[in-house]
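To keep things clear, I will list the structure first and then write my remarks on it.
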Amino acid sequence: MDRKIFSYWFTTHLAILTILFNDSVSSFPSGYNNGYNNGHGSQGYGLISNLDYRFYDRSCPRLQMIVKSGVWRAFKDDSRIAASLLRLHFHDCFVNGCDGSILLEDSEDFKGEKNARPNRNSVRGFEVIEDIKSDIESSCPLTVSCADIVALAAREAVVLTGGPFWPVPLGRRDSLTASEQAANTNLPSPFEPLENITAKFVSLGLDLKDVVVLSGAHTIGFAQCFVFKHRLFNFKGSGQPDPNLAASSALLSKLKDTCPNVDSSNSKLAALDAATAVKFDNAYYVNLMNNVGLLDSDQTLMTDSTAAAMVKSYSENPYLFSRDFAVSMVKMGKIGVMTGTDGVIRAKCGFPG
């Protein structure tokens, strides 16, 4: 490896590790039994810091290798799964905290999050998490929460596609319930203005910087045509394409070929980052600087001067993006977590008991 490149790599990863390990975490909180609590205890849904990077070192020492192997197996068969696992963690944390509730099937007691509007026929990766959980149960029965598996799988998905590594603080517990209504309300929509999206982040203890940084996850993955097709044919009722996309005739033509203006194309897929669809890099921000972000919620970052300045920085400095993405992922992973005897450790991720 070229000495200059290695120096950049080493400095970036050292900065990430320093920032993350300086984060305040407690040592081995109680959480090895299967205690039950129907709610999130007294901790609410803000950012919680009483997690431990070494929580399972004694009780399930092979955990991280099992998760890594499971994600790798899934990625080998389906490269799209990396983005799906990352999105699964995001959609879990934004609905009543990082508690594995998104994994629960509907029951007689509640309608879950899987079939909420933002998730229906969209969120994927449930079977990957369940397969990993099965492998873990063989080694460490009723020890590791599904919520922690989702958090670790998201990290492995990013690393596998060339993104940064970060230590994941652990010790989350699983919820006993899920809420379709909360998913419909809490998850940011690609059709919402930036102010609304930012307000949803702020309500969970995040901020505008986290909006910009975590939006960078769209450097990998795909979107269904119905999410952005209005930008191709009838932007804001004009009967014309979005001028930003129209300025790139080649991209607009390609997108129209993929997503013709008929209902049958609604579920077809287009890459969120056409340049490097399965590589985790900073090309997403370069696209925004060139006014060719795919979703409204992507390109709208350029309408705010503070957000636009961050976009420019990340487009010019991939190492800065990698560092900040790792920090924001850890921050997001602490939203509304249950620890100790709150919640449960599920035997199967799709069922609370």
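Yeah, the Cβs are placed from backbone N, Cα and C, and that goes for glycine too.
Computed from a predicted structure; not experimentally measured.
According to TrEMBL, the feature domain 'Plant heme peroxidase family profile' maps to 50-353.
The disulfide bond annotation in TrEMBL covers Cys60-Cys140 (among others). Long-range C-beta contacts of Cys140 (disulfide bond), restricted to its own chain and to partners at least six residues apart, with a cutoff below 8 Å, comprise Tyr56, Ser59, Cys60, Arg62, Leu63.
Here TrEMBL flags His91 as active site, proton acceptor. The C-beta environment of His91 (active site, proton acceptor), restricted to residues of the same chain at least 6 apart in sequence and closer than 8 Å, consists of Ile102, Glu113, Pro118, Asn119, Val123, Ala183, Leu187.
According to TrEMBL, the Ca(2+) 1 binding site annotation covers Asp92, Val95, Gly97, Asp99, Ser101, Glu113.
Residues or ranges marked as disulfide bond by TrEMBL: Cys93-Cys98 (among others). Cβ neighbours of Cys98 (disulfide bond) (same chain, under 8 Å, six or more residues apart in sequence): His89, Asp92, Ala147, Val150, Ala151, Arg172, Met332, Gly333, Lys334, Ile335, Gly336, Val337.
Here TrEMBL flags Cys146-Cys349 (among others) as disulfide bond. Counted within 10 Å of its Cβ, the other Cβ atoms near Cys349 (disulfide bond) come to 25, all protein chains included.
The substrate binding site annotation in TrEMBL covers Pro188.
Annotation source TrEMBL lists disulfide bond at Cys225-Cys259 (among others).
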Not counting Asp92, Val95, Gly97, Asp99, Ser101, Glu113, residues with a CB within 8 A of the CB centroid of the Ca(2+) 1 site are His91, Cys93, Phe94, Asn96, Cys98, Gly100, Ile102, Ser175, Ala178, Ala182, Ala183, Gly336
May I ask for the distance between Val95 (Ca(2+) 1 binding site) and Pro188 (substrate binding site), taken between their Cα atoms and rounded to an integer number of Å?
10
State the Cα to Cα distance, in Å, between Gly97 (Ca(2+) 1 binding site) and Cys225 (disulfide bond), rounded to an integer.
29
Protein Cβ atoms within 10 Å of Glu113 (Ca(2+) 1 binding site), excluding its own
28
Which of the disulfide-bonded residues Cys93, Cys146, Cys225 has its Cα closest in space to the Cα of Pro188 (substrate binding site)?
Cys93
Tell me, in order along the sequence, which recorded positions from Cys93, Asp99, Ser101, Cys225, Cys259 have their CA within 10 Å of Cys349 (disulfide bond).
Ser101
Listed disulfide-bonded residues Cys93, Cys225, Cys259; those within 10 A of Cys146 (disulfide bond), CA to CA, turn out to be none
